[in-house]
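I have placed the structure first, in the form of structure tokens, so that the comments after it can refer back to it.
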Amino acid sequence: MADPAPTARRSHIVLLLGFIVMLVDGYDLFVLGTVGPSLLAYQPWGATPATLGLLGSVTALGMPFGAIAAGWASDVWGRRVPLAVCLGWISLWMLLSAFVPTLGLFVATRAATGIGLGALVPVVVALVADAAPPRRRSLFVGITLTGIAFGGFATALLGRALLPHLQFQRLFLVGGVSLLIVPLVWWLVGRKVPQPDPEAAAAPVFTQNKNKAGQLFQPGYGMATVLFWFATFIGLLLSYGASNWLPTLMVNAGYDLSSALEFTMTYTLGAIVGTVVVTLIADRGFLKPTTVGCFLLAAVAMLVLSTPQPRWLLLAMSALAGLGTLGTQNLINGYVAQFYPPQLRSTALGFSLGIGRLGAIAGPSYLAAVTILITVPDAGFYAFIVPAVIGALTIAILPAPSRVHATTTNPVEVSA
């Protein structure tokens, strides 16, 4: 039998915890982009733009495996263990990234870090969605995922302050701080395995067994599952491409490193503020049109960034680009969390983000290839426009969710 509805205290404890964990995820997402210009200038390693693309891609390479495995494990055994293990894993490899002496070893540590990073988002989003009030689920998930942008903002802030004086590797030390969060996760997150709402359990659509992946293709869900995977592919291609390449693109456009990092800061701030605003709109019944509109905002923002404009306008477009890339992916994650019932929520997110992570793998290398093969100075900005439009069309054709499962809620056990 399902527990009573989650109290406001429980909901907000989980919201805060999820935000902190996503801040860790965001720091690591953006740190490579922040140190990109310094890495290219670090002569002992002889890095090139292609190297930067390779680093972004290998970081994302392990993410599909982490996302799928942790999403499935979270639905079968509960949220606590996958979340604690992933945080410990990330901390270890971030610390090693700060001290490795060669480029080859640095690439290896980034690949290992990616496995843990891929696992964090599906588990955290499912945890928060379980605890959130049904009518505020998009908002709770959106606020949680703004932690990613806050992490990016912190990375740019630290980079601007420290990179002129310290080697770029030292920024990876900060990621090791996440080790301190592991005991907090173990204490606060209960061991409860997600259970279906009684109404959902009576529905014939899902059977209660461990073949979670097969249940994603039950009647009424198969087409949506594939479309969510493709939309996530596009969303992560845009997010990882922009986060890894925006500072370098702005340096190529004639800005110094300090000014280029200002654009990264406004990019992340746009994602933070924009996510809260658009999730409030989405919770009023406009989730699909809001997500479509945000994809299109990314296309418009990148087009304007490629043209000579006053500095204030370019900064504003950088903020809109943050909303249109990171903010859009936040909406997609919330969309998936609401589309499926509690006992499939983390599995659905894990597969969506796992398959979609191929976009994260492709994004940095895609941008690197465009900037190398196309000699037009603003080619990197143009490369974002077509995927953004395709993403908008993908969301536009999503079928409506099952009325039985769209409003179910499953409370999370909180030990505090």
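Glycine too: its Cβ is placed from the backbone N, Cα and C atoms.
The feature transmembrane segment is assigned by TrEMBL to 12-32 (among others). Counting same-chain residues at least six beyond the ends of the transmembrane segment (12-32), those with a Cβ under 8 angstroms from any Cβ of the stretch are 52, 55-56, 59, 83, 87, 90, 94, 110, 113, 117, 120-121, 124-125, 127-128, 130-132, 140, 143-152, 154-156, 159, 171-172, 174-175, 177-178, 181, 184-185, 188-189, 239-240, 243-244, 264, 268, 412, 414, 416.
What TrEMBL records for 14-403 is domain 'Major facilitator superfamily (MFS) profile'.
Within the chain, the transmembrane segment (52-73) has long-range Cβ neighbours (under 8 A, six or more residues past its boundaries) at 32-33, 36, 39-40, 81-82, 86, 106-107, 110-123, 126, 212-213, 236, 240, 244-245, 248, 346-351, 353-355, 357-358, 360-365, 367-369. Here TrEMBL flags 52-73 (among others) as transmembrane segment.
Feature annotation from TrEMBL assigns transmembrane segment to 85-108 (among others).
Residues 6, 10-11, 14-15, 17-18, 21-22, 24-25, 28-29, 58-67, 69-71, 74-75, 79, 82-83, 86-87, 89-90, 93, 139-141, 144-145, 189, 194, 333-334, 336-338, 342, 345-346, 349-350, 352-354, 357, 409-412, 414 of the same chain, all 6+ positions outside the transmembrane segment (114-132), place their C-beta atoms under 8 angstroms from a C-beta of that stretch. Marked as transmembrane segment by TrEMBL: 114-132 (among others).
Residues annotated as transmembrane segment in TrEMBL: 139-159 (among others).
The annotation transmembrane segment is assigned in TrEMBL to 171-189 (among others). Same-chain neighbours of the transmembrane segment (171-189): 13-14, 17, 20-21, 24, 27-28, 31, 34-35, 79-80, 83-84, 87-88, 90-92, 94-95, 97-98, 113, 127, 154-155, 158-159, 162-163, 412-416, counting only residues six or more beyond its ends whose CB sits under 8 Å from a CB of the stretch.
Per TrEMBL, the feature transmembrane segment maps to 220-243 (among others).
Taken from TrEMBL, the feature transmembrane segment covers 263-282 (among others).
Cβ atoms under 8 Å from those of the transmembrane segment (289-306) belong to residues 234-235, 238, 274, 278, 281-282, 313-314, 317-318, 320-321, 323-325, 327-328, 331-332, 335, 378, 381-382, 384-385, 388-389, 391-392, 395-396 of the same chain, restricted to positions at least 6 beyond its ends. Per TrEMBL, the feature transmembrane segment maps to 289-306 (among others).
The transmembrane segment annotation in TrEMBL covers 312-336 (among others).
Per TrEMBL, the feature transmembrane segment maps to 348-374 (among others).
Residues annotated as transmembrane segment in TrEMBL: 380-398 (among others). Under 8 Å from some Cβ of the transmembrane segment (380-398) lie the Cβ atoms of residues 224, 227-228, 230-231, 234-235, 237-238, 241-242, 245, 249, 252, 288, 291-293, 295-296, 298-299, 302-303, 305-306, 321, 324-325, 328, 332, 335, 366-367, 370-371, all in the same chain and six or more residues away from its ends.
For the transmembrane segment (220-243), the list of distant contacts is 29-30, 33, 56, 60, 152, 205, 267, 295, 298, 321-322, 324-326, 328-329, 332, 335-336, 339-340, 348, 351-353, 355-360, 362-364, 366-367, 383-384, 387-388, 390-391, 394-395, 397-399, 401-402: same-chain residues at least six beyond its ends, Cβ to Cβ under 8 Å. Proximity of the transmembrane segment (139-159) to the transmembrane segment (312-336) is established through 3 or more Cβ-Cβ distances under 8 Å for residue pairs spaced 6 or more apart.
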